[in-house]
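Asker: Provided herewith is a single structure, encoded as structure tokens, for subsequent inquiry.
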């Protein structure tokens, strides 16, 4: 008899997700699965889904921060599609990235052409200067 049956065997370490290893909130494993299933390439490297998840997380955080600011400017505590639209269209780079995207229930940016505004007369200008 060897007597090894009662000794504590090797306990398996707690599983650590690739998202937590990379310090991300977005699911690296799911992104990897979608890259494999999407027929983008025959093979997918180990770093590609981590990088893509990080980029998606950064863009999401950027849009949500700007939308939160837009909601706060409108004295609201909940972000609605209108706030997302205002956030994206008022940011030059995000507007370029999402130029062809329609946000449902987003509305349009308030804009009045300068030629449609009433002309300032001389009497109004002199009254303001006094």
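Quick reminder: no glycine exception, Cβ is built from N, Cα and C everywhere.
OK, Swiss-Prot features for this one:
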REGION    1-22  region 'Disordered'
MOD_RES   2  N-acetylserine
MOD_RES   6  N6-acetyllysine
COMPBIAS  7-19  compositional bias 'Basic residues'
MOD_RES   10  N6-succinyllysine
MOD_RES   10  N6-(2-hydroxyisobutyryl)lysine
MOD_RES   10  N6-lactoyllysine
CROSSLNK  14  ubiquitin cross-link
CROSSLNK  16  ubiquitin cross-link
MOD_RES   37  N6-(2-hydroxyisobutyryl)lysine
MOD_RES   76  N6-(2-hydroxyisobutyryl)lysine
MOD_RES   96  N6-succinyllysine
MOD_RES   96  N6-glutaryllysine
MOD_RES   105  N5-methylglutamine
MOD_RES   119  N6-(2-hydroxyisobutyryl)lysine
MOD_RES   119  N6-glutaryllysine
CROSSLNK  120  ubiquitin cross-link
Asker: If you measure residue 14 (ubiquitin cross-link) to residue 76 (N6-(2-hydroxyisobutyryl)lysine) at Cα, how many Å is it?
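Answerer: Computed Cα spacing between residue 14 (ubiquitin cross-link) and residue 76 (N6-(2-hydroxyisobutyryl)lysine) is 42 Å.
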Asker: For the recorded positions listed here (10, 14, 37), tell me which residue's CB has the most neighbouring CB atoms inside 10 Å.
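Answerer: Answer returned by the neighbour count: 37.
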Asker: Once the chains shown are all counted, how many other Cβ atoms turn up within 10 Å of the Cβ of the residue listed as 'N5-methylglutamine'?
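Answerer: Around the residue listed as 'N5-methylglutamine', other Cβ atoms within 10 Å: 9.
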Asker: What residues, ordered by sequence, lie under 8 A Cβ-to-Cβ from residue 120 (ubiquitin cross-link) and sit at least six positions away in the same chain?
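Answerer: Listed in sequence order: nothing, so none.
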Asker: Provide, as an integer number of angstrom, the distance between the C-alpha atoms of residue 105 (N5-methylglutamine) and residue 119 (N6-(2-hydroxyisobutyryl)lysine).
Answerer: 34
